[in-house]
C-alpha cells in the first residue's frame, strides 16, 4: 500500500512537472519568431536603466508560452470543469487576460501606457470579486495565521470578500513590479510555487499541488528563453497571470498571509516603490537610486544575473521560514 501511494504521489509530481517543462521548451522557439514577425516587441521606458535600452524590441507577451504549457499539462491530466485545477486555470486566464490587453495596447501605442489605471482596476476588482465569492462559498472564510498553531484560524466572515479583493490587487501588482529584469519574476515564482506544491501534497490538496508543480515546470522551461540575456519577456500577460494564480493557490490552501513571507521579494519590490514615491513627494529626495529595488542594485553595479541569484536565494530562505511558520 505504501509503495502504491508513493508511486501515485511521484507520478502526480513528475508527470505535470515534466509536461509543463517540455511544452514550454517546445513552444518557445515557435512563439519567439512569430512575435518578432508581428513586431510584438517591448517598449523600454526612457527613465529606466540605460543598460535596458538595448532590450527594446525584445518580444513580449511570453506569458502565453507558460500559460499554454500549463493548461495543456493540466488538461492532459484529465480534469473536470469545476475541479480546483480548473478554477486555478480560470484565474490564470482571467488575470492573464488583463495583462494581455495591457500588452496589446502598449504595442499598438508604441509606449508603456497600456490600460489606464482605472480600467485595469475595474477588471482586477471584477475578477477578484468572482474568486472571493468562490472562496467564500467553497473554501471557507477562515485563514491560517503564520507562526500560530494550525488549529487556530482567523474567521473573517463577510469581511473575507473585501479582504480577498485587496489581497488580489496587492499580489498581482507586486509580481508585476518584480518582473523588471531578465528571469527575476520567473525564478522567484518557481521557488514560491514549489513551496505551495509541497504544502498541497502535505495537506492532501493534491489538485492544487499538481497545478503548482505543472506551472513551476512550465516556468522552468520558459526560463531557458527568459534568463539573461532574455530572448522574450513574459509581459503583463505573464506577470499579472502569475500574481493572480499565486493568489488563488494560497486562497485554496487558506495561506493568504503566507504569501507575505514566501513572496517576501514581491513585498520588498512593492515597498521600495511606495517608499520611493512617498519620499519624493514629501521631501523631494529619493531613497533609492531607482525603484523597484532591483533597479537600485543595477545602478550600484550589480549584474542582472547576480540580482536574480541573490533574490532567488532569499526566496528559498523565506520558503524555509514559511515551513517553520506552519
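Any Cβ shown, glycine's included, is placed from N, Cα and C.
Some features that Swiss-Prot has for this protein:
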TRANSMEM  13-33  transmembrane segment
TRANSMEM  57-77  transmembrane segment
TRANSMEM  85-105  transmembrane segment
TRANSMEM  121-141  transmembrane segment
TRANSMEM  155-175  transmembrane segment
TRANSMEM  181-201  transmembrane segment
TRANSMEM  208-228  transmembrane segment
TRANSMEM  232-252  transmembrane segment
TRANSMEM  257-277  transmembrane segment
TRANSMEM  305-325  transmembrane segment
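Across 85-105, 121-141, 181-201, stretch 85-105 shows the highest tally of CB pairs under 8 A with the transmembrane segment (232-252). Packing against the transmembrane segment (85-105) from elsewhere in the chain are residues 40, 60-61, 63-64, 67, 70-71, 74, 77, 79, 113-115, 120, 123-124, 127, 130-131, 134, 168, 172, 176, 207-208, 210-211, 215, 235-241, 243-245, 247-249, 252: each is 6 or more residues past its ends and has a CB under 8 Å from a CB in it. Beyond its flanks by at least six residues, the transmembrane segment (155-175) meets 95, 121, 124-125, 127-129, 131-133, 135-136, 141-143, 185, 189, 239-240, 242-244, 246-247, 251, 256, 259, 263, 266-267, 269-270 of its own chain at Cβ-Cβ distances under 8 Å. Within the same chain, the transmembrane segment (257-277) packs against the transmembrane segment (181-201): three or more Cβ pairs sit under 8 Å, each pair at least 6 residues apart. If you look at the transmembrane segment (181-201) against the transmembrane segment (208-228), you find at least three C-beta pairs under 8 angstroms, all six or more positions apart, and that counts as contact.
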